[in-house]
Amino acid sequence: MTDVFGSSHKDVHEQVVFCADEQSGLRAIIAIYNTALGPGLGGTRFYPYESEQAALADVLNLSKGMAYKNALAGLDLGGGKAVIIGDPAKDKNEALLRAYGRFVESLGGRYITACDVGTYSEDMDVVARESRFVTGRTTAHGGAGDSSILTAFGVYQGMRASAERVYGTPSLRGRRVGVEGVGKVGHRLVELLREDGAEVVICDVSQEAVERVRARRPEVDVVADAEALISSDIDVFAPCALGGALDDDTVARLRARIVCGAANNQLAHPGVEKQLEERGILYAPDYVVNSGGVIQVADEIEGFNMERARAKAAQIYDTTLKIFTIAADEGVPPAVAADRLAERRMSEVGRIRGIWLGR
Ligand SMILES: NC(=O)c1ccc[n+]([C@@H]2O[C@H](COP(=O)([O-])OP(=O)(O)OC[C@H]3O[C@@H](n4cnc5c(N)ncnc54)[C@H](O)[C@@H]3O)[C@@H](O)[C@H]2O)c1
């Protein structure tokens, strides 16, 4: 059994709740990493984990990641995440989602849920029939809808900040950007890049996804796979498919000077950030530049307003530049600088809650 409090995880989570409902088949784990800045917000991943241990390890990692992401997104939210163990295609049903909603509600707002792999806005509408602490709902229910809109916008802002750092101008005009994965986020990023005057080259394992981009933007180049993209003559590499895009091999072959994309957990293992730096490649930390989606759904807490959410996501530009400055000043890779900045905010702003408010 994973040692929650002890050695196998360096960090201690505030709260980890196991939820089961025999009749609906619900087996879920909700993890709250910390609530220093506010209630823990993070999505619900519905996935057929091989074991409870694998599910627990995932939710512990993901909830910690959300604490850092929310902190750097400037949100008054802590880090939380939930996993439902099962195959969403077979096991998802109304009773199960509502049973899950009751467990979310039972935490009294310490955890606020949203969509993640295997869950959709429509599912959040069902969960919300049992709980007030749900975001990522459909626009028909006052929700933020598809979070990939501001995720792509935020990645674009992070890329502009990276271009400013490397080339002295945020414009991507004339730069050649390679986008790996043109799904929900990637295809929107291509639009923003073309509007800015960048040349774009893409790859995707789905021919349908490639065709969708080419139908709108026939001028976009296509290469066979990620390997071809990485070795091609690009200025910016934007991983927008799965995690682990940057490993020893890809970093060694990469020709781009900037890496900035939407995928979570782009660095395959610790140490890759140093290899990137040694090769003179500027890495915009994934969880900083892909926080537009959480900014979009978090806005629902106040009653969703797209313009307000977009203005907040635009700040990803400043945050990314700030991280590059800290990295240079402190002599560390940007990934380390980002962690330090997040920890600083959690500690400095989290501390003020200790100020006694009187009666
Ligand atoms: N959607 C959001 O709001 C959001 C927010 C934050 C982070 N992210 C992350 O961004 C990434 C993309 O998310 P999405 O919502 O666009 O997902 P998606 O599933 O819509 O798109 C992913 C695309 O990548 C393609 N792909 C998969 N494997 C590939 C490979 N080996 N080479 C090339 N293409 C490949 C898929 O065919 C698909 O078109 C994911 O890592 C996700 O975790 C998404």
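In case you wondered, yes, glycine gets a Cβ from its N, Cα and C as well.
What you see is a predicted model, and the numbers here were worked out from it, not measured in a lab.
As annotated by TrEMBL, active site, proton donor/acceptor applies to LYS81. According to TrEMBL, the NAD(+) binding site annotation covers GLY181, VAL182, GLY183, LYS184, VAL185, GLY186.
Feature map: annotations from TrEMBL on the structure.
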residue : record                             : DSSP (3 states)
LYS81   : active site, proton donor/acceptor : strand
GLY181  : NAD(+) binding site                : coil
GLY186  : NAD(+) binding site                : helix
Sparsest-packed of the listed binding-site residues (VAL182, VAL185) - C-beta count within 10 angstroms: VAL182
Residue pair GLY183 (NAD(+) binding site), LYS81 (active site, proton donor/acceptor) - Cα distance, angstrom, rounded: 23
Binding-site residues: GLY181, GLY183, GLY186 - member with fewest neighbouring CB atoms within 10 Å: GLY183
Shell of the NAD(+) site beyond GLY181, VAL182, GLY183, LYS184, VAL185, GLY186, same chain only (C-beta within 8 angstroms of their C-beta centre): SER148, VAL179, HIS187, ARG188, LEU189, ASP204, ALA209, CYS240, ALA241, ALA262
Neighbour tally for LYS184 (NAD(+) binding site), based on other Cβ positions within 10 Å of its Cβ: 17
Pairwise Cα distance for LYS81 (active site, proton donor/acceptor)/GLY186 (NAD(+) binding site) [Å, integer]: 24
Count of other CB atoms lying within 10 Å of the CB belonging to the residue listed as 'active site, proton donor/acceptor': 29
